[in-house]
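To start, the structure itself, in structure tokens.
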Amino acid sequence: MEDVLESLHQPSSPQNPTTCPDNRIPYLVRKCIALLQNCASSKFKLKQIHAFSIRHGIPLTNLDMGKHLIYAAVSLSVPMNYAHNIFTNIQSPNVFTWNTMIRGYAESENPKPAIELYNHMELKPDTHTFPFLLKAVSKVVNVRAGEKIHSHVTKNGFESLLFVQNSLLHMYAACGRYESAYNIFEFMPEKDIVAWNSVINGFALNGKPNEALTLYKKMVSEGVEPDGFTMVSLLSACAELAALALGRRAYVYMVKVGLNTNLHSSNALLDLYAKCGTISEAHKIFDEMGTRRNAVSWTSLIVGLAVNGFGKEALDHFKEMEREELVPSEITFVGVLYACSHCGMVNEGFHYFRRMKEEYEIVPIMEHHGCMVDLLGRAGLVKEAYEYIQDMPLQPNAVIWRTLLGACTIHGHLGLGAFARAQLLHLEPKESGDYVLLSNLYASEQRWSDVHEVRRRMLNEGVRKTPGHSLVELGNQVHEFVMGDKTHPQSKAIYEMLVEIAKKLRLAGYVPQTANVLADIEEEEKESALFYHSEKIAIAFMLVNTLPGTPIRIIKNLRVCADCHLAIKLISKVFEREIVVRDCSRFHHFRDGYCSCKDYW
DNA sequence: TTAGGGTTAG
């Protein structure tokens, strides 16, 4: 390539390169451009052409030359400062060049300058400008900028274009405004597969999995055929609800239409199985993927193993991932450190934390520090955890202090617990979970007047306890139960089953763990309050409705309390059922009277 | 020479 370029123009002497005579520029530029058009496959060629231009004095400020260099750089994902330098030197760039710059930033790791560029755009934007720009807005999650751009779309008369509508729809969904996204969707005269996927994903992303599933069914009933993108959204909605049966049906469909070879869909499926606690199935998908696996597949499995309590296996897979020379991401390390903290592997945790920084040059994010605080705190090194927080390069957030408070509650460290609580009160004063944690800390020390004080403050501040709820899937339906739930049509049978459970557990030696109830109410009242926790109701419901030996899977929005944990261990033994509980931070696999967390959670 | 949608943590 360089030879071709060199032959176009011979400098007068190699030691003393001359600038290109003006009359040769158009010819050289044309040749360069022809070559640039074929260069979208190699950064190396781009560099050579750039060097050639400099050597022979072809000005990069020449619009024809500059815009192609920018286009090539953006297509090759060359860091944006390269394109930016050329761009700032071009005299009067055209719309294509502005668009290419906006696109480049939108696709880069730092999309914010795309919006700033648009604000300084000296030309009228065209139909290409807005999709690029909205992509940037979606990535920086700036709904106010998005709304402003929406009004510009309208002003420019582009609102009726399908592409632009889809961009707007996606922008609102990505910014958490799933209702605005749905509004756009509803009024679209023509809805293609991208529109359906975007609106379904908007719900799946924003904690509305049921709405996502409903729309999916509507899409299928209207004869629109799902593709790989649809499957990803569907499967992630299923994962949130732990709708395993539905996810399995989706897999059957994927195999039927050949989508099981789609990398993203397979990854989403793998994640679904991991999130349902069915690690063996996750493994099966992972094995089936073979060489198609990428870093996301490995990360999903590693995180899945870690949260399911298989810390050692998670680390083994990490080592294998390294052997296969896949580059772990910061999320991979969240999984690795999580595995260490939840399995009490303190030394390993520090080992991997160091390697992450030194070998992979990953700057620790808050989540990594959270794992480290948890690693120390769980292992009973509460003071060391506090010292770690003090030495952290980042300003500790509420999650960090909550982790410390949790460790203080488990290991009974009143002084530090109260201190962590004070920080939390400052950062997130209305978080009911923190009141509960503090109250549990006092209750475990029988300091009932302090427990009372916490409760009084909660009432005064108008903080309501987040109601606990549990989800179970039966047949094709997900059932939800809240504490003391009596609204279910099968309520009578459920409560009869609860009485039977109570009877059998007593015989097995069960003593209710009442210390964690948020008040010094009478013992008997406490017992009944515990017995109506949503997870126990959900278990009773499943015992009524499933055949002996069927595993029971439960998703809980809060942490499992000590009493439920003990009771479920015994239920798994007495009723001979495998019970998997996914709480807000991890999995518990109960079997034959034991839990996979080894009572360390 | 330019346009829209995807998975992993929290």
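Start at 1 and count along the chain as shown; that gives each residue its number.
Just so you know, glycine gets a Cβ as well, placed from its N, Cα and C.
Just so you know, TrEMBL annotations are computer predictions that nobody has curated.
Annotation comment: TrEMBL describes A:9-20 as compositional bias 'Polar residues'. If you look up TrEMBL, you'll see A:509-601 marked as domain 'DYW'. If you look up TrEMBL, you'll see A:1-20 marked as region 'Disordered'. The feature repeat 'PPR' is assigned by TrEMBL to A:94-124, A:192-226, A:262-292, A:294-328.
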| remark: Same-chain residues at least 6 beyond the ends of the repeat 'PPR' (A:192-226) with a Cβ under 8 Å from one of its Cβ atoms are 162, 165-166, 169-170, 172-174, 176, 178, 181-182, 185, 232-234, 236-238, 240-241, 243, 246, 253, 257, 478
| Averaged over the domain 'DYW' (A:509-601), what pLDDT does the prediction give? | 84
| task | Could you tell me how many residues in the repeat 'PPR' (A:192-226) are helical, how many are strand and how many are coil under DSSP? | result | 26 helix, 0 strand, 9 coil
